[in-house]
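Noted in Swiss-Prot for the protein shown:
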DOMAIN    16-57  domain 'UBA'
DOMAIN    235-300  domain 'SH3'
ACT_SITE  ARG409  active site
ACT_SITE  HIS410  active site, tele-phosphohistidine intermediate
ACT_SITE  HIS590  active site
Amino acid sequence: MANLPPRKVTSASKSKQDVSPLQILLQMGFRRQRALKALAATGNRSVQLASDWLLTHVSDSNIDADDPREYIFYASPTGPLLSQLLEFWDKSKSTCGWNGAHNFLPHITLVSFFKAPDDTSLNLAKAVRQVVENVGDPPKCTLKLEPYVSHNFMGLFISEEHAEYLKKIAVQYVKQVSSVSSINLEAHVKSLHITLAYHFEESSYEDLKTLVEEMQPVEHSSWELRLYSRDPRFANHQVYKVTQGYSPQASDELELVLGDYIYIEEKEFDISPDGWVHGTSWLTGLNGYLPAVYTRRTAETDAWTLLKAVSLGNNCSDCKSESGSNTDSEMAGTYPHEDAADLAYKKSEETYQEWDKYWSEVMNSRSDSILTITQGLPMNWELSKAAEEMKNNITNGTSKSRRWVFALRHGERVDLTYGPWVPHCFENDTYVRKDLNLPLKLAHRAGGKGGYVKDTPLTRLGWFQAQLVGEGMRMAGVSIKHVYASPALRCVETAQGFLDGLRADPSVKIKVEPGLFEFKNWHMPKGIDFMTPIELCKAGLNVDMTYKPYVEMDASAETMDEFFKRGEVAMQAAVNDTEKDGGNVIFIGHAITLDQMVGALHRLRDDMEDVQPYEIGRNLLKVPYCALGAMRGKPWDVVSPPCPPSINSSSGRFDWRILIK
């Protein structure tokens, strides 16, 4: 085949890949001011999100108003410290009622609210990354938080060394933004702290003080720099989340859509004679009267837009003092993991036998690729039908395309990787990690270690598998708006890993749906024991605490028909209820979930003649960890997923003693 000669002259000024989201929106017919407003309001995430925002705000009387958004720059804790702070939030709220701190996620303010034109939002987000690169990594010593308690304020103040680092970040961000624009902003450099409580009743002081004193902030914490924006019109409003849908019966009433946020002035509750209040929808920008009982107050930050999040270097592992060379006792095997020689022994031996078969196949057939052995015919994902259709929808300016609905099996699970693992990994009911692929830590649950026997977590590789799928979807340009997960811990963790890889906005939460759990009778011998939504949230999983499941599940036996019907009810209801809101849907469950999705959505067709009866087929054994199935509607058809699959080889446990000669 002849080599392709390089072109020396071209009339094209830029390729399609160089076309910006703004240019695509303009090509779709949207006015420049509206397009910029939509991109700023959705964090410049995608053309699809921006066009969806424009379509939902088509009747918003404020859509053409020249009212720039407000931005704020935070340092936000993540991981165990965030879980600890959220637990404090819950306790203080239930014990003492709402106070000012509950309006926001835990944070340290680096730059206070400032207004900026919509056409600067992308550069404001880029500046966050540039600031981290300019200032460098945070100090390597442990970050310490010092509690402070008074009658009108309670908080945690940052240790001096880390406070100086964050001040440099704040000052550098102000310089970075000011150097390229005339935006007026000011760094917050005095007494950096995390607010725990303020604007609380005097009668709550003692209870709040006790909660602060009981809390011992974890020292090994992770942090992110986050840039948020909000609609300035509602700066002094309270935010309420819709918990029950409502269709207007009068022209002055506001439609309530599950998951929407409503901006309501505090005075509305004082002047209302009948429990109806006036509010404005975050989703549509429309306003009207609504029954307050159909909403629940939530943090203002839930209705903000996250433009950029950049992780700061994890420093906790570098705080240990240096040690000398290995001692004889270390070489003899005194490490905690060395007493678990039998951990995964049987599984490892099975793996080594599979490896022997594989290498025999390679040598006999002279095959040089595992793809040849395990995959059959290769597929060109760049030219797949789904990828082409998706690409055309974007580049051709199609504002309305068929929705994606996905089904994803969970990632690699601990119990099927190691066999009986709990007896090896718990000492006096305390979890000890004895293999690098085991979880770093296990969250507290009511059932203790017995709960983990019945409800296994993911391995570290399982988390990574889930992140790979999310990353693949992100690189394919597909966003997810609605995430439903089986209540099994491995499925909820897979959902979180998927969202991490997708880099989804924190507002995209995991809805734990019992209807997606696999056949109950498979688990009857050892029982079913799920973690509660609160336990999952405390474990750092972004679970929707307000979600009301479509199916309530008990521990009684069920028939196979009842199992399939349970899944059908949940999947069909989720797809139908999210249709008006729009956005793609993913169900994260078990191996059978993929087949179950196909059957459930095919039953939404008008023509039911070709629909096959539910059954557990042989394909169940061909669904590996994090296998992804895809459908598009309407009509509902099985299509190629927008990203390729991933293949993993098994790995046995290594015994270092084989090196002793």
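Using the three backbone atoms N, Cα and C, a Cβ is placed for every residue, glycine included.
The structure displayed is predicted, hence computed values, not measured ones.
Here the Cβ of the residue listed as 'active site, tele-phosphohistidine intermediate' has 30 other Cβ atoms within 10 Å, regardless of which shown protein chain they belong to. Sequence-distant contacts of the domain 'UBA' (16-57) (same chain, six or more residues past either end, CB-CB distance under 8 Å): 63-64, 66, 69, 118-119, 121-122, 125, 229, 231, 283-285, 305-308, 394-395, 397, 399, 477, 479, 505, 582-583. Secondary structure from DSSP puts ARG409 (active site) in a beta strand. Across the domain 'SH3' (235-300), DSSP assigns 9 helix, 27 strand, 30 coil.
For the pair the residue listed as 'active site, tele-phosphohistidine intermediate' and HIS590 (active site), the C-alpha distance works out to 6 angstrom. With helix defined as DSSP H, G or I and strand as E or B, the domain 'UBA' (16-57) counts 30 helix, 0 strand, 12 coil. Reported as a whole number, the C-alpha separation between ARG409 (active site) and HIS590 (active site) equals 5 Å. Cβ environment of HIS590 (active site): ARG409, HIS410, SER486, ALA488, CYS491, LEU516, PHE517, GLU518 lie under 8 Å away, each six or more residues apart in the same chain. Averaged over the domain 'UBA' (16-57), the predicted model reaches a pLDDT of 85.
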